[in-house]
Amino acid sequence: MNTLPKPGEWVWVDSDIGVPIGARVTVTPSAAEFGQEQEASLRIMHPTSVEGVDDMIKLGDMTEAGLLRNLLMRHKRGLIYTYTGSVLVAVNPYQDFPFYSADQVELYHGRKLGELPPHIFAIAESCYCNMMRHLRNQCCIISGESGAGKTETTKLILQYLAAISGELSEQQIEQQILESNPILEAFGNAKTIRNDNSSRFGKYLEIFFNKKGVIEGARVEQYLLEKSRVCHQALEERNYHVFYCMLAGATAEEKKTLNLGDAKEYKFLSKGGCIQCDSRDDAKDYQRILSAMKILTFSELQCQEILKLLAAMLHLGNVCFQGNTQNNLETSDVSKSQHFSMAASLLEVKRSALAKSLTERSFMTNRESVIKPLSADQASDCRDAFVKAIYNKLFIWIVEKINNVIYKKLTKSPKSSFLSIGLLDIFGFENFKTNSILDVLAVKPCNLLALIDEESHFPKGSDATMLNKMNQQHRRNKNYLSSRSEYDTDFGVRHYAGIVYYDSKGFLEKNRDAVSSDMINMVKKTKNMLLQQIFEEELSTNNVKISNNKKIVMTPNNSLRAQTDSRKQVATLSAQFRQSLDSLMKALSACQPSFIRCFKPNNEKQSETFDRELCMRQLRYSGMLDTIRIRKLGFPIRHTFQDFLKRYRVLLKTTVCDPKTETAAAVIFLRDAHDAILERLREEKLSKIALVIQRVMMGHKDRKSFLRKRRAAVVLQKNWRAYRQEKLRRKLQHGFDRLKSKIRSRKMQQKFQRQREAALTIQNQVRGYRAKKVYKQKREAIILLQAYTRGMMARRETSKLRDNASMLRQQKEAQQRIAVELKQRLNVIAKSQPAVREPEPIVEQDSEEESIDLMPPPPVQKVSEVKKAADQIEKKERSAVLESLEEPSITITPSSISTTPTPSLEEEEDDDFDDASEEFSFYKFSILNFQSNHGHTHLNQRLKQPLLPHDDEADVLACLTVWWIILRYMEDIPEPKSADAFSQASSTISSRVLPHKQGRRLSSLVGLDQIILRKNKKKLGGGNRKASVITEEPEDFTEDEDILIGEGPTLDRPLTSMEKLNIIIGYALSRRDIRDEIYCQICKQLVNNRNRKSRMHGWTLLSICLGIFPPSELFIKYLESFILRGPNDYKEYCAKRLQRIIANGERKELPCVIEQQVAKSKEPIEVSVTLLDDSTVSLQLDSLSTSAEVCQAVANKIDLRDTYGFSLYITLFEKMWSLGSCGNHVFDAVSQCEQEMRRQGKPEKDALWMLSIRKELFTPWHDCSKDPVSSDLIYRQVIKGIKIGDYMSDKEDEYVQMAAQHYYIKFGSAYSRENVQKVVGECIETTLIESKSMSKWIQLISAVILQDPYAKGKLKTDIVKGDLVKNAQRAWPLHFSKFFEVIMMSGPPLPKSRFVVAVNWSGIFFMDGRDKRLLELPYLEVKEVRIISESHLNTRSVSLATIRGEFVLKSGECAEMAALIEKHLVGLKQRSVYALVRQDVNKPDDPMFLVCKRGDLLLAEEDEKDSPERNWFKATNQRTDASGAVYRDRVMFLPTLDKPTDELLELLTPGQNRTAATNAPEREVSVAPVSLKEFAIDNFRPAVRLAAWPATPTLISFSTWATTPSNMPAAPWS
């Protein structure tokens, strides 16, 4: 009687699953309470079964229950692998585990089986080691039910072998073998009820290795693909993966070509009622299949052909048949559908031939061909057989194609030169309600297959006759279960795994596995090469029989011989199965096997569920218990005696071994433990022997090395002694050589001196001769030139004198007549009137038409007075005659009573521009520079050639057009009267004067600061402002192409004075080379111009031009001389404008309306500049006033001392942009405002622009206490900006604090709620008040005001104001910045190459145009800034060297940006007290000097640092806290006012042993991607458009805007 178990012990308890289960005793009853049966059912559990073991041979309970519990316990702990000796049991975990990585491969590589925990890699390593150790082929048999993980196990073994072989391999064969899996799985795997990736074919993968263990190739053998799945699937199952992958992953174009839709549209894919598989991504798998095919050298055409066959199968599955009856026979027809037509098209056969082969069957009877129609069901079966045959043949072809790639190299070498490891993945065992012949697994030869095969060959054989024969012959066999009745079609087979029942219906037809001859004939006629290729065997056996002697025997189709041959060559399904089984067993028998048993823990695919009953059945089916017993009791290791002696002979202590003959023929059996002991002893013995051999070989090697070195030392000594002797000899020889060279050099030097003196004498003579010759030639040329010039001048003077003499004679005669007549009349008057009044003078009066009226003739005076007057007139006449001899002129005489015609009312006295004696007279300039004999005097005709020579034809045409417009402006010629259709188009001529295309709208004129900050404000939701009256354009807006304007219909119309002025100045601004021409044309029209009105227009035009563009250096002095000879009212005015244009530079825009108005009055322009406190300052400006001048004038008037950073701003409507405080012209911006009004269709005079002064930039060392006026202006700017939403913050406390400071500044410390409410209204934005209510803001601000330090009132107002300014400076650094548009040409990589650089007091910011900051650079990180000029590209860039790398930035304002950064750097260094040691200073001679190392931070004393007379200063070393003197040239002052951090110091000290500096990765230098278009815009000169003269009109390119955008912020004046 067994003792009862104690509490806590583990026992075996009977269960309803047929095997005991483990249980733990909690309470032990008494023997009386416990029955004998219950006591007998309890068995104490062996200790090994309590926790489980990794090798089930070690189990004490060698029962089914012990095996089951061991697997259960390990499964719970996530241990899916268990050994059974050398057999591995793998339980499918249904989840991913991380122990298949490269580290695990490295862990198991080179380790023996059992040294490490069970693993699939251990079995793979065992196969690999056994192959390399025994030089014998290996095979690994992987078995188990469907879904047990056989396919994944095969992949893992293949992965391991590829990994360990890939370390030695230089080929890509491993990758190709691995990539064969996706293809085979796609075409051979499908989803079943129990497995989402079930292999539906048998696969034997044989991997070949060379002697070094490197994979050389592989070969795949496939066994009996499940063809029926193509046409029929069980419920909740899918067809093969490739169909769903093709429909999910094919492109729209491919689907359109193949006429494919969704998977649910095809019957072959929807019969199982399952389209989607949750564990698979069909679209992703499709791309992987295509990639694998490319790696395995499938061509693009082959892939397309495969897709066509797959699509054809799907279309055939949707073909329907209509049953009919003809002549008492059932017939069928193919229903008309698009699927049938598409299938025939894809198979490249005729539709009639395909329909006939599907609905009819032909066969031979008595040498006669008979055609039998098929019923609808038979036609469907024929269709299914054809589809299954295509898919099976396609699968076989794909396997052969893969083998041709991965096995190609091995075909050239004998098979014996390679070793192999075979991986057998056999069918998964599945037992369904209805089983077919395809699911039978025969382990031993079975007569059932022979009977089925035999019955298939009988013409009249049927499923019933076959079943009767099997029942009769195997009824008494216990493994065969016959039918229950003669009407029953089922029979059963008792397999090792259990009883399986089969339905014999359709066995013979499936066993024949043949395609009708009609189908073969149809395939023969197809043009689809792949279809013919996969049916190549059937096509060859149908008509041609190839013998071994390569003779071709042609056999007619209708002969009996052909029928017999074809029947013999068609193998049945059972024959194929037997042939495959035989070849497989033959391959396995030649290899050393390893076994892997795969188990699935449950049918629901749950990761942590263990079904005991299911696993128990699998244990029984697999025969695991018997395997363990055999392994435990038997002798699995076998050696022949010769092999045993050869392997373990090393363990003998004697060298003599003479076995007996009988013993030599025996076989030695060993257990696993004994084999392991022998292997361990063998390795130990071999290791000892190897050590002895190594020791002897190393000694021999070292002895040999010693002797070689000793011989080498002797040779070295000998050569060294010889070298020293040779060196001494060479030294002596060198001394003699030097002595000889000295003597020779002295002789050569003396000879050279003599020759040099002779050469100098010859050179002097030759040069003197040549100089005299050149002088003589030049002198003759000058004399000749002077002669021609004097002759030309003499001829001109003679011509003038001749003309003047003739005119003088006529005038003299006329004057004589007038004098005689006057005397006669005076005598008459003297006689008739005794007394006369004094004559009144003639007065000129300017009317609105600018004409001159003469007063009535004076009354007659006394005779004596009249005589006296007459004498004076005669004296004047004589003097006029004498003057006329020197300078020809026309004299206007007083009017008289005579009938002689008087001069015109518009004619005046002569001008004084023809003084040829002056050095820089306009007359002399015309002689020297005018072409085509052009004179320098007034002309009322059109020119045919410009006054000055021009190389550019476009400049020539522009000059002629300008001359035409100048004549019309000065009213020297009348305006055209025609006004055609072009008048309206050209009414905007003044808006197309300057050649610029892009961004010239007012919305783009505002500065980058306003653009960026306004966008940020919009993004933050700030501001509740009304919409601007100026329409916004997109940022990438570009105007139309340049419109060329010249002579022709565009200008041949009446033009206003403004339009003509804009055309003239527009040409001058756009074409720099014709500016002197324009000035010369104006001056020419002012010389000898008798029309006063025309002259006034000319001087007005000249004064306006002098306010826009300067003349060239060549013409400046001539123009200045010309102006000084002008009328008094314009002389000083124009001279001053000439000096101003030379000093301040040219303008960029057209003159504005107010400039044209003041040009007539010659008065300064009165403007008002608005300050931040809404007060205004009145200033007098002119056309050339700059923003710097305006800012300085305002500063002088308001006593502003700290002017740095204050800039002039111009505002139009709600748009405002900075003019800076530099050389930007103020009225250029005014002109832009007027042009914007013109663009909107409004008069230019209505442009309501306004000038104001604002703080634009702070210095890093800004001090509010130095200038209270400056602080007050900034304070008002900040308060106003907060109110209108310019300055926004995410922190509510900042608004509250600044509002409290504003309250204290305005009202002091006295608290008043009404005043607080006023402050809220003044400095809190309206939207913020609306979002948080007025009372809430009052409460928050009041809380701060009522606290210290504001409540006590001890703070000064200026201090609080300065604190507010500092807070605003720190809070909004970007609002006080200079912005520059740049292109990064090179530098460390950034997300963008085009961005905006913001320079402010805190550093340099790289912005992407909005609030995103690409990079922030404090000045401490900046090493150097410099300008890079590229002369070949005519561009300039800024090089910004930082500790992050060097940035090369291209900008139109690079000089201004570099100057601003350099100013901040220099100023910070001058004010900095922190210095960095540049070189080590070790133990100086003077003890007062510091000892410091390179990279040490020094704190300089303020008083000592600023002593320029000394080259040293006192400082404290921050590393050692020591103080002393340091030389200035050994340190570098850092551009910072605050102590730098340790991280920055490590970056600033290159070469130091610091972590940050050492480990800092080298930055990649990027080059900005600049397109050819961008390069052309920046560097190419503008295209010149030429026009013929005078056939076509003169066309000149103009636009309304300046070359340099004035909206860009300018540098602050300092």
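In case you wondered, yes, glycine gets a Cβ from its N, Cα and C as well.
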From 878-910, 1010-1042, the residue range that TrEMBL assigns the feature region 'Disordered': 878-910
Which range of 837-864, 977-1004 is region 'Disordered', per TrEMBL: 837-864
Range annotated as region 'Actin-binding' in TrEMBL, from 52-74, 282-304, 581-603, 1133-1155: 581-603
Reported mean pLDDT - the domain 'MyTH4' (938-1160): 76
Residues of the parent chain within Cβ reach of the region 'Actin-binding' (581-603), under 8 Å, 6 or more residues beyond its termini: 71, 75, 84, 86-92, 94, 120, 123, 126-127, 130, 134, 136-145, 147-150, 153, 194, 202, 204, 206, 221, 223, 420, 422, 424, 442, 609-611, 614-615, 618-619, 622, 624
Ser146 (ATP binding site), number of other Cβ atoms within 10 Å: 19
All-chain count of other Cβ atoms within 10 Å of Glu145 (ATP binding site): 26
Cβ atoms near Gly144 (ATP binding site) (within 10 Å, other residues, all chains): 25
Neighbour tally for Lys150 (ATP binding site), based on other Cβ positions within 10 Å of its Cβ: 28
